[in-house]
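Undergrad: From TrEMBL, for reference:
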type	residues	note
DOMAIN	20-383	domain 'Nucleolar protein 10-like N-terminal'
DOMAIN	388-436	domain 'Nucleolar protein 10-like second'
DOMAIN	495-523	domain 'NUC153'
REGION	520-648	region 'Disordered'
COMPBIAS	530-547	compositional bias 'Polar residues'
COMPBIAS	555-565	compositional bias 'Basic and acidic residues'
COMPBIAS	579-605	compositional bias 'Basic and acidic residues'
COMPBIAS	628-638	compositional bias 'Basic and acidic residues'
COMPBIAS	639-648	compositional bias 'Polar residues'
Amino acid sequence: MKLTNPGAVPVYTVAGPSTARPLPDWLARRRKRSSKYDPENLNNFELLQEFEFEEASNCVRVSEDGNWIMSSGTYKPQFHVHSTAELSLSFARHTKSENTTFMLLSSDYTKSVHLQNDRSLEFHTPMGCHYDVRLPRFGRDLAYLRQSTEVLVPAVGVSSDGSGFGEVFRLDLERGQFLRPWQVDVGEDDAGVGLQGGIHAGAVNVAAVAERTHGLCAFGTTIGTVEFFDPRSKGRVAVLGNQDGEVTALDYSNDGLSLALGTSTGQIRVFDLRNPRPLMKKDQGMGLPIKKLIHMRTPTEERKLLSADKRIIKIWDEHSGDLWTSIEPMVDLNDVVHVPDSGMLLTANEGKHMHSFFIPNLGLAPKWCTFLDNLVHEMENETQTETYDNYKFLTLPELRELSLDHLIGKTNLLRPYMHGYFAHAKLYDQARLIANPYIWEEERAKRVKEKLEKERSSRIRGTKKVKVNQKLADKVLQRQENRGKVDPEAGILGDERFAKLFEDEEFKVDELSREFRSLNPSTVVGGKPGQQQDVDMADANSTDFSGSESEEEEEKPKKKSKDEVVMQVSSSTAPRGGKIRDLAFGDRTQKDTRESRLAGKKEIVGEQAITFVPESKKKKQEPPPPRPEGKRRDDGRRSASSNVFRKM
């Protein structure tokens, strides 16, 4: 179940495929298993078991008691009966020929009449085909008069006497015989040969009966007229003409006072039987014959009119004539039926699966699937994606720039909408890249420029000029910018109690004082705010605890050689004013030479030194101490000579 039309009147697709071409059975089963736990398919379920046909469905009907759904389709020609109490297929029955249309004669499925495309009329019961009869000519539609138990069959062609009148066959089910047919004007047949007439012979296309009110029978013809017959007088009582094209659909309202008709050119007219002028004129917009018209009422007693051709279903507001909502399936439609007293629509269509649509604004869910109301309520609270999230709207000039105008009307890659077309985002990106190979470089340069402009504007907004302590003001603004909101009038900058801090010279911060350097050991005097320098921890310790060094040496600590990487570990406490952080540890790593190592060892100060410079394995000999003046080289040494007079 998914949201098909997320507009003001939402439409939910309960059952039916999302693609026009059905998948093979083995591939459909594999995808169903693999996508079982996908988040997008968690709301998918099978409303009616096996609500499908192998190739296509032709017609669908709902019984008066709402417990049974009958549908016909192909191939092979057959019809299915579903039980709404069990939400499953009750039985399927094959027929000798394909079904054109059918009707349920009883309040359930036990009695039905089927018009076949081989000019036969079949009557079915739960046990099977009860009886079949052959018609003189091909039938187009079925109607039933409950008061007189007559089946009306509008037919193709003219009568055998050549009078130019078509015929509506009447079969009396109580007496079991054909009655005299009603003659309807369908125009003259130029060919006038054969029982069926010529190729362009007229026909009675559709029939409608106001069985709950006055009982008038209306018949639409190929010459654009509607003729009304009274079953009591068995004759014509009125004619409604001057319609554009053939009349292909008729439907009475519940009160029987208005009649809606649809033509082969997609025009819709609503007439009051007391006035020959139409109350409403509408165009379906596709230029295709209207297949179905249904009068409906919402829970708030608003009157709606459903019109359907093979491409789209539209629901109109009968009072104002505005479009209320629309449904556009991916496959061609053959028939539409409305489940009484609910917001459910069932369709017979091309393709394997039949569609089910639910419109909450039209009514509640049927009593056999009330769980749809709870499911819709949960889905309304979820965030829904737009219908054309992955599509790009392009006008005709833009299509010509991208060299895509040759796809118009030849493929479904371009979907017409208003004054342009919707193209898939991937197709648009590929076409744009082919038309301009440097589009990515231009896009990158554009984004870099936008980022620089954003940073420049943020720096401009975060600047405030003050008389004194400009660095302190910039530091406060920098902290605000790091938090994402810069307000020069917030905090101490806008507080009147601290106004003299940025205006009076008496409150100027002396960065050369010992107190400032103790509290801000990493701040460069005269530098930019936030700039840091290398701090020697050993020099800082020796400055605080050695009394032999002068004030000048404290202000100018001895610079440490950058030729050796030395990390000093001291157990002494940090100097007063805060911790000293050596953040420039990696910046002192340079080329390691023997002279730098010897020089670095002389400058090491602290209790313990740890160095990463490897020491030589050879034992280093200490140089001999300097010899005092006046002493011989052999003083204090034992002589190996036995001559005692040698030292004299």
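Every residue, even glycine, has its Cβ placed from backbone N, Cα and C.
Have a look at these and tell me how they're positioned relative to everything else.
TA: Note on the domain 'Nucleolar protein 10-like N-terminal' (20-383): mean pLDDT across this stretch is 88.
Residues of the domain 'Nucleolar protein 10-like second' (388-436) grouped by DSSP class, helix first, strand second and coil last, total 20 helix, 14 strand, 15 coil.
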Undergrad: Based on DSSP, tally up the residues of the domain 'NUC153' (495-523) by helix, strand and coil.
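TA: Each residue of the domain 'NUC153' (495-523) counted once, the result is 16 helix, 0 strand, 13 coil.
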